[in-house]
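Participant: Below you'll find the structure I mean.
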Amino acid sequence: MEAGEEPLLLAELKPGRPHQFDWKSSCETWSVAFSPDGSWFAWSQGHCIVKLIPWPLEEQFIPKGFEAKSRSSKNETKGRGSPKEKTLDCGQIVWGLAFSPWPSPPSRRLWARHHPQVPDVSCLVLATGLNDGQIKIWEVQTGLLLLNLSGHQDVVRDLSFTPSGSLILVSASRDKTLRIWDLNKHGKQIQVLSGHLQWVYCCSISPDCSMLCSAAGEKSVFLWSMRSYTLIRKLEGHQSSVVSCDFSPDSALLVTASYDTNVIMWDPYTGERLRSLHHTQVDPAMDDSDVHISSLRSVCFSPEGLYLATVADDRLLRIWALELKTPIAFAPMTNGLCCTFFPHGGVIATGTRDGHVQFWTAPRVLSSLKHLCRKALRSFLTTYQVLALPIPKKMKEFLTYRTF
């Protein structure tokens, strides 16, 4: 889609389950994820099942210009023919999903050393966070279970790998803790982060691997150091539970979404609140007395860092441009729970309460040279380092995202 157009529904996947399962409240798609190279899609389709689907989907669903890029990244890297869809039976309701970065050479040595029966074909793994507090690690190419990580006392709600490829995994749980695991050390638990007073809903690691953000059913958001695993600061500003968070691709911005119907954009280095995006009622016929009608469920950045997507309980997927205070596009979606962008852009995947996954067109835009420069600089300069540069004030404001 061009910027400003409404998102189009490209495809919808529905779980094929027998009717006797319908009475159980375990059919939700709590999590969807693309592998970092864009060659796989993981869908927690409810009833303890995760589907691993080679991407892209069948050709008739793929918009022009999208297929070529995805296919080449998939088949040239593997060179072993077409990968097959896999079904992972996790034995427990699946809440969180995360792919490891790609490629990740240390993991190839890990699996070869500890699992000689596993063919050494791929180093991509998928972590699944389960209802009983377990985390299961699967090899994507084979669908084999590699590791079972135990430690959490309650639902593992979210998972995040460090983007650097070090195979450090962070898990967020209803037991009010975050845990750090090292998959290069056979899944050893290396740290427990305590301090939250409510269930931890979401964890996100900054792309530069320096910070970890965690959102629990609290009004404040915790920012941790990924180097020392200590609390850097609490971000105060929301009026209700924060349930989702995401860093921009250059690590310069952090967005948080709350049941208070607001997304707040922060400077994670200074703790400053840069702006709020308010989810106002679109349909006046809807009853405003329901305070949770616009409660947010999920927020995520687009891969080039110029857009956000949000899913709320008012049955809408919204797309926001970074520079604007109102959404640039809406799509109707019922019972949305989660959303994520395809890593090469152009598509958003959303998961719903009834176990469906929908794929939508997302804005395709050429980043301006200014934005590309800002992104390149901010990938290795903190806000304080930018402010110390001997450059004009207006340039500093642009580089620190203060020109909204």
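Along the chain as shown, the residues are counted starting at 1.
The backbone N, Cα and C atoms fix where each Cβ goes, glycine too.
No curator has checked TrEMBL annotations; they are predicted automatically.
From TrEMBL, here are the annotated features:
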type	residues	note
REGION	68-87	region 'Disordered'
REPEAT	126-148	repeat 'WD'
REPEAT	149-184	repeat 'WD'
REPEAT	193-234	repeat 'WD'
REPEAT	235-276	repeat 'WD'
REPEAT	289-323	repeat 'WD'
DOMAIN	368-404	domain 'SOCS box'
Participant: Mind tallying the repeat 'WD' (193-234) by DSSP state, helix then strand then coil?
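Facilitator: Helix, strand, coil within the repeat 'WD' (193-234): 0 helix, 22 strand, 20 coil.
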Participant: Do you know the mean pLDDT across the repeat 'WD' (149-184)?
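Facilitator: On average, pLDDT over the repeat 'WD' (149-184) sits at 95.
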Participant: Please list the DSSP helix, strand and coil residue counts for the repeat 'WD' (289-323).
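Facilitator: Across the repeat 'WD' (289-323), the residues distribute as 0 helix, 18 strand, 17 coil.
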